[in-house]
Amino acid sequence: MKLSKLYIRDLIHKIVNSFFIPILVAVGIILALFFQFVLKMQETATIVLLLIIFVGSLELIQDTWNSIRNKKFALDYIAILAISVGLASGQYLVSAIIVLMLSGGNTLEKYGMARARSSLTKLTDRIPSSVFLWKKGKIGKKVSIASVGIGTNIVVRRGEVIPLDGTLISDSALVDESSLTGEVYIMEKMKGDRMRSGTVNGGDVLIISVTKIDKDSTYRKIIEMVEAAQREKTPLIRLADKYSVIFTIITLILSGIAYFVSHDLSRVLSVLVIATPCPLILATPIALMGGMNRAGKKRIIMKNLASLEVLSRVDTIIFDKTGTITLGKPSITKLTIIDTTFTEKEVCEIAASIERNSLHPFAKAIVLYAQEKKYSQKSSKNVIEKIGQGISGIVEGKNYTLSKIGNTTGMKIQLLSAGHQIAIFEFEDTIKKTSATIIKNLKNSGLEVLIYTGDKHEVAMELIKQLGQKIQIKSECTPEDKKNGINELKKQRKIIAMVGDGINDAPALALADVGLVFSNEEHTAASEAADIVFLGGDFALVTEVIEIGRDTIHIATQSIVFGIGLSIIGMIFATVGFIPALIGAFLQETIDIAVIFNALRASRE
């Protein structure tokens with residue numbers, strides 16, 4: 001709740017700030033007109049107009065100066081020229097209207113950006129800021145994470161994120177490392193094993209001896225990688241920039257002709273007013289906001305406007321495996337009855353009765369399987385769960401045990417009674433129903449598809465078999481490996497989309513040209529590093545959002561070309577003296593409205 005209030009307050013602050021300048025300019029123009037035409041105070045009206053032109057142009061002047069200093073061409077040059085000519089020719093109202101048009105266009109873009117995330121807030125918030133110490137065999141005082149030194153013993157309760165790297169002091173532990181490694185299965189840890197920050201305690205309260213302070217921890221290093229990736233991300237050329245150079249050249253040529261023919265700055269101003277690049281400024285952000293709205297209806301959250309523009313140009317898409325292509329949790333794929341005196345129904349009822357209160361993913365899978373089959377649960381007692389040994393309990397007077405089979409990879413669980421094997425449950429992190437079809441469609445659309453996973457090689461090969469198609473896959477990837485892989489592709493001038501769902505994907509999501517994440521309440525950290533968030537696990541949303549991106553940019557391009565075309569026609573008429581400056585300003589506003597209405601089509605299905 002606290003985070004939501006802070007986010008809303010920050011959003012309101014950004015919106016108020018972004019709307020302040022155009023509102024001020026609009027009020028100033030109305031006030032100046034009141035002084036001039038109602039009170040007949042010409043000088044006061046002029047002072048008001050000059051003040052709002054100055055205040056409204058400050059950001060424009062700063063942006064223009066930055067463009068010149070960075071040797072980068074910008075659309076602002078035409079606007080500065082138009083305002084300057086208006087001032088030189090004494091047409092202050094026209095200059096003020098130009099400032100209003102430009103500040104309004106910039107506001108639309110800023111409003112879209114106001115919806116963007118605060119940098120890394122949720123990523124850093126995932127780790128607790130404080131922890132309880134373990135002293136003299138009992139829980140001690142609560143202290144700040146930053147104050148915990150190497151060798152200090154700390155307490156981590158069930159379901160909590162492990163805040164610091166260390167060594168396990170407790171006899172055993174169940175740890176969910178999926179957020180770091182992508183491995184979907186709970187890891188069993190024994191006394192002396194390494195514990196990594198950012199993972200989750202899936203069992204009872206455990207004690208850890210800290211081996212790395214906060215700034216050197218595994219999780220903190222991932223955050224640093226995300227920050228570095230965001231700094232390294234190469235900005236792409238915006239759609240409007242593609243048209244700006246040729247439009248500026250045409251504008252300057254027509255302005256030159258107007259002055260050569262008339263030697264009148266007012267006629268030059270008429271050309272420049274119509275040339276004020278509002279179609280270029282407005283078309284893309286409005287279309288992108290429409291696309292953002294369309295995506296929102298499908299439970300796709302766009303965290304910044306530029307994401308859709310980048311999506312339309314993506315040529316390479318990289319997928320994480322766990323929780324992205326797959327369901328991200330184990331499910332029973334096979335149940336083999338060894339002792340045929342038991343039926344499947346009896347086996348499932350016994351197993352589910354013992355496992356129903358366990359937090360282990362295999363236990364949840366067994367209980368869910370029984371529920372789906374509509375098998376009832378029996379009364380169980382004396383249920384004991386021991387890490388590394390399995391879980392046992394008494395059902396209908398008989399003692400049963402569920403445990404892993406020998407040295408298998410952890411994908412098989414056996415049901416035993418008095419050492420006698422009754423049944424074997426086999427588990428897999430199965431692929432989503434639509435994964436194979438969607439990946440095939442993406443490849444057919446011309447996209448290069450890659451898979452980067454933290455899973456072992458044999459698990460990765462099994463995934464390829466399930467997908468039934470040839471795909472380049474890299475297994476046992478660390479967050480650094482994924483980041484390096486993207487950097488190598490960028491050297492080949494690839495435009496990359498990364499699709500993931502875990503903390504281990506965060507650096508890659510941040511570095512990719514556009515990061516997409518499947519999110520739920522457990523994965524807010526990865527969501528914070530991404531540009532686009534899918535609410536829920538529907539894999540078809542990947543193709544949906546790419547289609548929305550392409551449609552949106554098509555409409556934006558159409559709007560830009562349409563607006564520029566009308567502006568050029570208007571400039572030609574202004575060049576020969578048919579359109580005065582003030583009429584030109586209103587004509588430009590009409591063109592802007594037409595561009596806006598066309599761009600708004602992007603919000604439709």
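Glycine is no exception: its Cβ is also placed from the backbone N, Cα and C atoms.
Features as listed in TrEMBL:
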- 140-227: domain 'P-type ATPase A' (DOMAIN)
- 20-39: transmembrane segment (TRANSMEM)
- 46-65: transmembrane segment (TRANSMEM)
- 77-102: transmembrane segment (TRANSMEM)
- 243-262: transmembrane segment (TRANSMEM)
- 268-289: transmembrane segment (TRANSMEM)
- 560-587: transmembrane segment (TRANSMEM)
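Two recorded stretches are said to be in contact when at least 3 C-beta pairs lie under 8 angstroms, sequence spacing 6 or more; the transmembrane segment (560-587) and the transmembrane segment (243-262) meet this definition. In this chain, the transmembrane segment (77-102) touches the transmembrane segment (20-39); three or more CB pairs sit within less than 8 A of each other, excluding pairs fewer than 6 residues apart. Highlighted: of the candidate stretches 46-65, 77-102, 243-262, 77-102 has the greatest count of Cβ pairs under 8 Å to the transmembrane segment (268-289). Residues of the domain 'P-type ATPase A' (140-227) grouped by DSSP class, helix first, strand second and coil last, total 20 helix, 31 strand, 37 coil. Per-residue confidence over the domain 'P-type ATPase A' (140-227) averages out at a pLDDT of 85.
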